[in-house]
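Below is one structure, written out as structure tokens; the observations come after it.
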There are 2 protein chains.
Amino acid sequence: MKQLQEKIASEGRVLSEDVLKVDSFLNHQIDPKLMQAIGEEFSRRFEHDGITKILTIESSGIAPAVMAGLIMGVPVVFARKRASLTLTEGLISADVKSFTKQTVNTISVSGDYVTSDDTLLIIDDFLANGQAALGLLDIAGRAGASVAGVGIVIEKGFQQGGKLLREQGVRVESLAIIDSLADGKATFREEAETR
Amino acid sequence: MKQLQEKIASEGRVLSEDVLKVDSFLNHQIDPKLMQAIGEEFSRRFEHDGITKILTIESSGIAPAVMAGLIMGVPVVFARKRASLTLTEGLISADVKSFTKQTVNTISVSGDYVTSDDTLLIIDDFLANGQAALGLLDIAGRAGASVAGVGIVIEKGFQQGGKLLREQGVRVESLAIIDSLADGKATFREEAETR
């Protein structure tokens, strides 16, 4: 997605060969118009897949997921990383390893909102090691829901998540794939190869 | 806002005289079309206030804030409740007491994205004791930003937050104000009195 690549090139800050900071439009400050364009692109890519619901994870997945949900006309459910006072019964949970923080977090959704009647589109802001996406796929499986695919805003193509998911037969649609952050600069995979 | 009141009346679950669960459209599952209508209403109420940016807090504030940002044509910044690996320099922080959980959390925004040039609209999903809104106002003050007002999706009118903010001269625009959750049912304040 050209508009997204240009935004990453102009505003993204490469902090190391592993870390890209996109806090000016995606992870902390949010550019709503770009989120709308991202939602339109996800909608275009999954328009024939009978999606009934979008599943994402708090917090940075919510903005692109809600825009996609608006355009596709389906509700959005976001998995929670912490227990909520008013959300305790009928939880479906999965463990998510964080390689950067060396921790394991439990993520949860209510079984009221993800069921065996659903065909899910899983959306997240980043795909790196794939642990968050695997956790959401785990939750979908436990709920008996179908998953049409995983929509990612930015995939770090030099980490293993994309390969891991695609090898499992999961359809992954990444709107930008970064093959390298070497020399302080993001190098993108060609658009034709981003599927 | 009539559409919101109807949604609360039909889907909200009153768990006690203090707790209203709106997980089917706002706090866990999100109804994107309702969020769009909420964004339009915030936009209408603040259209003459020179808003340059919307400030909210993860996670449930993000969806209504991003829709308002899209319609108003301004960026959205969400305060973080936890430290982020890639977000450490130039933080502006405030403490937020949680009465329900008896804890104090630090919330933070980057000083890159909230500055003395900004006129902010603060948006949040709920207003109860007002601690989150006070934390966001504290951050705005530390950044030297102006605040045009606070936009709330659901105000619990029987708790003290709204009174506290209004007594400090803060303009609070709540799209639905609940005066009571007695008898297992939400009783709304009349529309004309919700400002």
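Just so you know, glycine gets a Cβ as well, placed from its N, Cα and C.
Annotated in TrEMBL:
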- B:Leu20, B:Asn27, B:Lys156: xanthine binding site (BINDING)
- B:Ala128, B:Asn129, B:Gly130, B:Gln131, B:Ala132: 5-phospho-alpha-D-ribose 1-diphosphate binding site (BINDING)
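What TrEMBL annotates, mapped onto the structure for a quick look.
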{"residue": "B:Leu20", "record": "xanthine binding site", "contacts (Cβ under 8 Å, 6+ apart)": "B:Ile8, B:Gly12, B:Arg13, B:Val14, B:Ile154, B:Lys156, B:Ile178, B:Leu181, B:Ala186"}
{"residue": "B:Asn27", "record": "xanthine binding site", "contacts (Cβ under 8 Å, 6+ apart)": "B:Lys21, B:Ser60, B:Asp125"}
{"residue": "B:Ala128", "record": "5-phospho-alpha-D-ribose 1-diphosphate binding site", "contacts (Cβ under 8 Å, 6+ apart)": "B:Phe99, B:Lys156, B:Gln159, B:Gly161"}
{"residue": "B:Asn129", "record": "5-phospho-alpha-D-ribose 1-diphosphate binding site", "contacts (Cβ under 8 Å, 6+ apart)": "B:Lys97, B:Phe99, B:Gln159, B:Gln160, B:Gly161, B:Leu164"}
{"residue": "B:Gly130", "record": "5-phospho-alpha-D-ribose 1-diphosphate binding site", "contacts (Cβ under 8 Å, 6+ apart)": "B:Gln159, B:Gln160, B:Gly161, B:Gly162, B:Leu164, B:Leu165"}
{"residue": "B:Gln131", "record": "5-phospho-alpha-D-ribose 1-diphosphate binding site", "contacts (Cβ under 8 Å, 6+ apart)": "B:Val96, B:Lys97, B:Ser98, B:Phe99, B:Gly161"}
{"residue": "B:Ala132", "record": "5-phospho-alpha-D-ribose 1-diphosphate binding site", "contacts (Cβ under 8 Å, 6+ apart)": "B:Ile57, B:Val96, B:Ile107, B:Asp124"}
Task = Take the Cβ of B:Lys156 (xanthine binding site) and count every other Cβ within 10 Å, whichever protein chain it belongs to.
result = 25
Remark   = Same-chain neighbours of the 5-phospho-alpha-D-ribose 1-diphosphate site, Cβ within 8 Å of the mean position of the Cβ atoms of B:Ala128, B:Asn129, B:Gly130, B:Gln131, B:Ala132 and not counting those residues, run in sequence order as B:Val96, B:Lys97, B:Phe99, B:Leu127, B:Ala133, B:Leu134, B:Gln159, B:Gly161
Query = For B:Gln131 (5-phospho-alpha-D-ribose 1-diphosphate binding site), which DSSP three-state class applies?
reply = helix
Inquiry  = Helix, strand or coil for B:Lys156 (xanthine binding site)? Use DSSP.
reply    = strand
